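Worksheet: one structure, shown below.
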Amino acid sequence: MSTNVSSHAEKNNLVGVECLLELPKTLSKSNKKWQVAFIKIYCSRTLLNCAKHAIGKPGLFPRSLSYTAIDLDRHQDHHKDFKIDQETLNDLVKNKNQEKLESLGGPKGLVSALKTNTRLGINEEADEIQRRRSTFGSNTYTRPPSKSLIHFVIEAFKDLTILILLGCATLSLGFGIKEHGLKEGWYDGGSIFVAVFLVVAVSAVSNFRQNRQFDKLSKVSSNIKIDVVRNGRRHEISIFDIVVGDIICLNIGDQVPADGVFVEGHSLHVDESSMTGESDHVEVNLNGNRFLFSGTKVADGFGKMVVTSVGMNTAWGQMMSHISRDTNEQTPLQTRLDKLTSSIGKVGLLVAFLVLLVLLIRYFTGSTKDESGKREYNGKNTKSDEIVNAVVEMVAAAVTIIVVAIPEGLPLAVTLTLAYSMKRMMKDQAMVRKLSACETMGSATTICTDKTGTLTLNQMKVTDSWFGLESGKASPSSTLSRKVVELFHQGVAMNTTGSVFKAKGSSSEYEFSGSPTEKAILSWAVGELKMDMEEVIREHEVVHVEAFNSEKKRSGVLIKKRGEMTVHWKGAAEKILAMCCTYYDGSGVVREIQEDDKVQFENIIQSMAAKSLRCIAFAYSEDGETKKLKEEKLSLLGIVGIKDPCRPGVKKAVEDCQFAGVNIKMITGDNIFTARAIAVECGILTPEDETNEDAVLEGEAFRSYTQQQRLEKVERIKVMARSSPFDKLLMVKCLKELGHVVAVTGDGTNDAPALKEADIGLSMGIQGTEVAKESSDIVILDDNFASVATVLKWGRCVYNNIQKFIQFQLTVNVAALVINFVAAVSAGEVPLTAVQLLWVNLIMDTLGALALATEKPTNDLMKNKPVGRTAPLITNVMWRNLLAQAFYQISVLLVLQFRGRSIFGVTERVKNTLIFNTFVLCQVFNEFNARSLEKKNVFRGLHKNRLFVGIIVVTVVLQVVMVEFLKRFADTERLNWGQWGVCLAIAAASWPIGWLVKSVPVPEKHFFSYLKWKKRS
């Protein structure tokens, strides 16, 4: 069938179908049939014309000629829409093929071939985006598959104690069936099998859910926002939405989102260490290297690039598709807990060995008797099967003691509480990138915070302006001379990384993009000085740019208009003032800056700063050199004051942190007067600090101190103004040297060293650069200091929840070990069987961890002092609580063991059931005591924690089922109402005991420190 179809015939067919479909519906029945017939004919012709070729089905037999299959999908080859294919684009950047780029006509030719525009970008209509995506691919990469549930089940079965128990269960099952037959003999071994599989299943499911949680967080953290130009408008989109042909705006700290070619910009330096391993920054410009790689970081300057390859077509995409997120990260607390688990495990191993030894000695000496009162071992008269079965039961009991003794629930509790807190912290505007930060934040003693955007709203607006020594609060465009206005237009429009966009139509509003400071200045210039940015840019040519630098706190540009060179500077008011020798007054007259004038200008800056305004000055010079921007003998054009109001609630957050014993230090690039005003407004500086001469100082002064002087003064410093990133790093190092646990907030690329050096690095989610985010441990998504205070509260909550669980679990461990050991030594048997101990293990390890690890933070946590770096994990308070409860449980259960039959007049099996039931219920009631380490009212806020209540209910219900309905499985006997009442009464007594014990004061100095002191003495 011919595929060359006349477009004219195709058009006629379509028109015919439309005409038929638009015929009136008031037709007779016969006419309707004719209409349907005509529609079929026209549709058939149209389908045939649209079809490019018939589908040929491969196979042994040729296609039947009784029908024709038509491929309705035209399979458009979108590559033909563009003058370049994907293979050429891949080769271009990956191999830095300069010759190929030149053959395409350089960057301009490449932009043209991709049907885009350097100034306007691509068309942002959905069809155009989809066309590019289907042609060149999407900016995503295939991720390695997540670990399945089976993987975690297999990992759980690798535990040595689990394998030993399975071996014991297998032997017990074999001998049981051999001795009693399948119907009766499977209970003992089968019960252990079921209990082991239950423990493994719960552990595997918990780890699997945690892994899924981390995968979700990983996807969120990789969803970077980037600036693109589409339809002439600059706006922010997800890195995953970028397509080939997009024009990307790059600034300091940005991650290059795809492979591309540099099309315009200045002083652009890129860190390619993530791709090449080389630490030296690579310069990118139009005359030399023009290629940019996905995954690299912008170290300096700014520019635009055109995207040439995305997703799996980039080296970064291919590399990332083979990297899986490691969720086995060990936090410092987990490392400490591993040591604790190891120590307890050794004690459990010793006790289990002694129990096994005693049981074996008592058995083979004939000291043990069966239920009928006969000796279990009668020398040669005892069958070998009975001996092996008895030994297997003893080994199983000993191994189960090890299972109960080893608190494998501790790592699970840490994992659960970290995973739970990470999930909840996302809702509280904090994204955890490193698990260790969750717990370390709870120990923080000092927080070094930025001002802009963290303590303030980052919603900047020019509220004050001075032209020369005259205030410009009235409309500047009407009072200023045309010369000054024109110079301001040049200085604002040409020396900026922001942009102005206005849609077509007189009623549409201006849209400003860039940093908050740039947007405020652009908005002021457009609104007050009637600046037309497009016209200014059209009339001038940029010759050289010096990008804003946090060290020099200024930016400059050298521009050319009709052959005349002009230098414009913008930056911190006092820095720019120091570069000027003349100034323009409002009427456009140039005057020399006398000493009195300089004092007046300084007073203007101070008065603006005292009102919490950020002061920005503008200066220019007509004597421009071609290679270097002139930095002296400039003419001052004017000063503007930018207001950035404090965030609502920030003062309360600062007070909460200070009340919690955490010192707040503000480190800012603003001048000392602005910094002081903001610090007073936020509550960082208090009236008491007026007598402290070291409370407020400049970064330069701090830098000039000797190391000894810095260490002496650093704790008294509350505000550091005009600071550089190096000053921030220096302060962090000094505080850490003095033993502080330091949290630092940062948003710039230059903050990366301080964020890495700090114990907890907190980057800003909105204003933070990708370099800062990657160097941090936690990303504050709303840039709000109140969220930092919330992270502090969550950190303390994590630490507190783990301490609660340690107290709860050690109580069970101590009680179970002592009871089984004493009973084994004295009576030759253990009152708690392997299945019963595994059930207790399940309650305390998994359900207990889930109940106590998911307690939400309370305001009481902020009333305690920070625990610091070296505080013991198990405090005196915890030892007091757990030893009291363990002593009570041991006393009661040993009385039941040795006097239970005579007191209650019951059989041996009922007595053992009473011991088992009382022991489990004691743990249930003690779980309430563990909710608070020091507060007597353990029921406070219970109604808010439905999970805790649910777990308690489930535990009690399952215990009733174990005792009353699973007699053979759990080796129990049914109890009557009176016996249940006794068990509940004994267990409930742990509440008043807990209440009384918490009234007993404990020394602040840790118990073990006295032992160390005695050793030294």
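Glycine is treated like the rest: Cβ placed from N, Cα and C.
Note that TrEMBL annotation is computational and uncurated.
Now, the feature entries from TrEMBL:
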type     : residues : note
DOMAIN   : 100-177  : domain 'Cation-transporting P-type ATPase N-terminal'
TRANSMEM : 160-177  : transmembrane segment
TRANSMEM : 189-208  : transmembrane segment
TRANSMEM : 347-365  : transmembrane segment
TRANSMEM : 394-420  : transmembrane segment
TRANSMEM : 810-828  : transmembrane segment
TRANSMEM : 834-853  : transmembrane segment
TRANSMEM : 947-965  : transmembrane segment
TRANSMEM : 977-997  : transmembrane segment
Check your understanding: Hey, would you say the transmembrane segment (834-853) packs against the transmembrane segment (977-997), going by three or more CB pairs under 8 A that are 6+ residues apart?
Key -> no
Review point. Sequence-remote contacts (6 or more beyond its ends) of the transmembrane segment (977-997), Cβ cut-off under 8 Å?
Key: 880-881, 884-885, 888-889, 892, 904, 906, 910, 914, 917-918, 921-922, 924-926, 928-929, 936, 938
Review point. Could you give the mean pLDDT over the domain 'Cation-transporting P-type ATPase N-terminal' (100-177), rounded to a whole number?
Key: 83
Practice item. May I ask for the residues of the chain that lie six or more residues beyond the transmembrane segment (189-208) and have a Cβ under 8 Å from a Cβ within it? Key: 147-149, 152-153, 155-157, 162, 165-166, 168-176, 396, 412, 415-416, 834-835, 838-839, 841-842, 845-846, 850, 968-971
**Study point:** Folded-back contacts onto the transmembrane segment (810-828), same chain, C-beta under 8 angstroms, at least six residues removed
**Key:** 344, 347-348, 351, 354-355, 358-359, 362-363, 367-368, 397, 401, 404-405, 407, 837, 840, 844, 874, 881-883, 885-886, 889-890, 893-894, 897-898, 915, 919, 922-923, 926
Revision key, fill the gap. The correct DSSP tally for the domain 'Cation-transporting P-type ATPase N-terminal' (100-177) reads 50 helix, 1 strand, 27 coil
